[in-house]
Amino acid sequence: MSFHSKLVPYIAAICVFAGVIFVTMVVVNLEKQKHMLALRAEMMRYASGCMSRLEASFNKRLYLTRSITNYIATHRDLTDTQLQSLAHLVIGIDPAIKEIRLAPKNKAPLVYLSPLSRTPIGTNYSLESHIQESAEKASETGKTVFAGPFASAEGPRVFLMQTPVYLEEGGSSGATASLWGFAQMILDASRFFEEADLQEESTLGRLAIRFRNPDGKVSHIIFGDPRIFDLDPIIMEMRLPLGSWQLAAAPPGGWSRIPGSARWLIITGFAFAIFLGIITWIFAQTPQRLSRLVTERTAELRSSQKELQQARDELENRVQERTAELTQVNEKLMTEIAERGKAQHELKQSEEKYRTIIENIEEGYYEVDLRGNLVFCNDPLCRMVGLTKDELIGLSYRQLCDEDTAKELNAVFSDVYKTNTPRGSITFTIIRKDGSPRTVEASVAIVRDMEQKATGFRGICRDVTEKKYTEELLLRSERLKAVGELASGIAHNFNNLLQIVMGGAQLAKTNLKAGNLEAAAARLDQLFQSARLGSETVRRLQTFARLKSDFAREGYIFDLSETVRSAVEMSNVWWKSAPEKNGITIELNQSLEEGCHVFGRENELFEVVVNLVKNAVEAMPEGGSIFIATRSSDDEVRLTIQDTGVGIPPEHLKKIFEPFFTTGGLQRTGMGLASTYGIISEHCGEISVQSQVGKGTTFTIKLPRAREEQASQEAVAPDPALRNLSFLIVDDIEYVVNLLAEGLTPFSRKVLGAYSGDQALKVFRESPTDIVLCDLGMPRMSGWEVGKRIRQYCEEQGLPKPFFVVLTGWGGQDEEAQKIADSGVDAVIEKPVDINRLLQMIYEYMSKSKA
């Protein structure tokens, strides 16, 4: 065997070893490339997240400093105190702010420290020079300058954000702007980067940030190790008003780190190469066997190369797909950032528009917290209560009204809070600063925050004092006009009654002369009945003409049917006397059910019936018929008033209860049905109307039925033992005193008379009586005062107070509860006096007192 033949096995083994090593290195390089692509993709995601958080942190401070400058620019005359409040408000929002400086031109800067800062940052001379340089840049460019970081007096590095503040001169769009000064915000650099969650080195990667001037030159390192920029890092850029920040990200171990899979391939390849070299050397001893083995290994290597090529192609495809995905994610992030900036701008415009509207409306606008304290209001509300905005903010609504009104408003706020339902047209009275009352109509709605949590209430309010006063005047005018119309009809009725009285008196006198006592008694009964009818007519007129301010507002239980019957009798001047005078016939039919008891103010419901009857008559200028009915059920009482008049057009039905709405021309005020609607609503009732043009109208009123235990009471029979009574009769008309004395003498032990209040007191002191009958209206001393003096005298002397009765020709005095209580009056009887009724009342009172 030649020397060359001996070398063949070694050469073959070396070639096999070299081939295996080559293939191994190819596979290792492919694995490195795959690892490098995955690592760069991971660094791209890491850098993108860091940049997003960094931009958010920067934009937050940029928004705050621009908010300060915009507020100063739009409020020219801010005081130092207001500037301090503005600075502290912004410092409270962002804990990274260590100091805010508001530096007016040609004035010393106003420095506002964070609660965590012990000394002003600006005491560091080097920082003061940077502030001066930034002010010059901001003044030259008109833009916000973000500089730093710089060393501070306290040690930590800080950023300086400085913005020029321009005030507009004039109000036109082309107005020039003058420099007010600068708004300077000094930020803690460590807090700034902590909020953005940036670390110089972590398990995710290493970070560095440097500043680049507008001309593209790199200025200085802001964060991290500057050597990272020499490691082929992932670089992202954030635009600033003047320049930009470049963020570099690199893996913790660098790009050259060999992955574990590549190390395993190298070890395996070298071991496999050695093994194949040895095997090749062994098999190379036999050329044929070696040739076969080489052929087989070559085929295997080609197959491996083909598989490696396929794996490489697949890896490249995956890298391209991942790169496309990362590009889409980056574009999406940029779109979201742009949309967020647009939304913030639109929100700012919306807030400014909202504030402009609130400040320019005529109505008052308010916002209160859940405790009822005012947190915001506009100028019209300030004028309404007579206070400035500074005086009004912080006040409770309870300080603007009396105690009863405060309780009513508290109930309204509670109801809105519980039901989450806004309330409108709430009418109440407030007390102005000068002590004058004003009637206000307001709405209430609940205010919620972003988490739908209730934070307070808001609403609109308007001063309706003049409106209410005008409505009351028109209502009084309507009533007085109705009283005037009634007066002519009542005069006609009184003439008829007087004719009966005069004729009956003459016939009674003739019968007495003739000795016909029975006929004379019949004529006298006729005179008594006529006088009683006249008295009832006067009483009804007084009830109708009485205004709401003249009597107490307490209600009581009464039969609505009786009230309707009295109102119909009272209004016969409209449906009977006046039409008959003009040759027109109006037929009025009634179907009144007994026991229709309701609780309320009888005189107001009396007025409602009169108004509706009068409206029905006015709707029948050619005559017709009116039907009035009352019905009761378990829960309600129903009153129906139907006419056959001209009817109401459909377009007017919804307006007839509105104040001042009328179809009767200038002679009508349009307050009758509005007053009727208000009275029924106050009685917790309902009123509805149905009408057809040409056929007539039907008004239906529903009121809650009152539950009243009707105890059967037998009439108290006069007790002979109670006849031993003494009377004192007081009236400035001697004929009245004598007439009552003559009527009471048969039923009493003693009757005394007095013709004035002073004389009555003198007579009572000399001879106290059991009962005092006193006229209300007398010169120098009224009946109220006489009762008060007699009660005081009895208390001083230890005497029992007499049963005191006031006699009056004025209607409604029995409803003066306060006067009755103050004067010690026990009963009020309207003139003319029915002696039998008077005696019955006295007997009942004395029987109860004796029992």
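Each residue, glycine too, has its Cβ placed from N, Cα and C.
In TrEMBL this protein carries:
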TRANSMEM  7-30  transmembrane segment
DOMAIN    104-200  domain 'CHASE'
TRANSMEM  264-284  transmembrane segment
COILED    294-332  coiled coil
DOMAIN    350-420  domain 'PAS'
DOMAIN    424-476  domain 'PAC'
DOMAIN    489-707  domain 'Histidine kinase'
DOMAIN    726-846  domain 'Response regulatory'
MOD_RES   Asp775  4-aspartylphosphate
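As a whole-number mean, the pLDDT of the domain 'Response regulatory' (726-846) in this prediction is 84.
Packing around Asp775 (4-aspartylphosphate) is summarised by its Cβ count: 24 other Cβ atoms lie within 10 angstroms of its Cβ, all protein chains included.
Assigned with DSSP, the residues of the domain 'PAS' (350-420) fall into helix, strand and coil as follows: 43 helix, 12 strand, 16 coil.
DSSP gives Asp775 (4-aspartylphosphate) a strand state.
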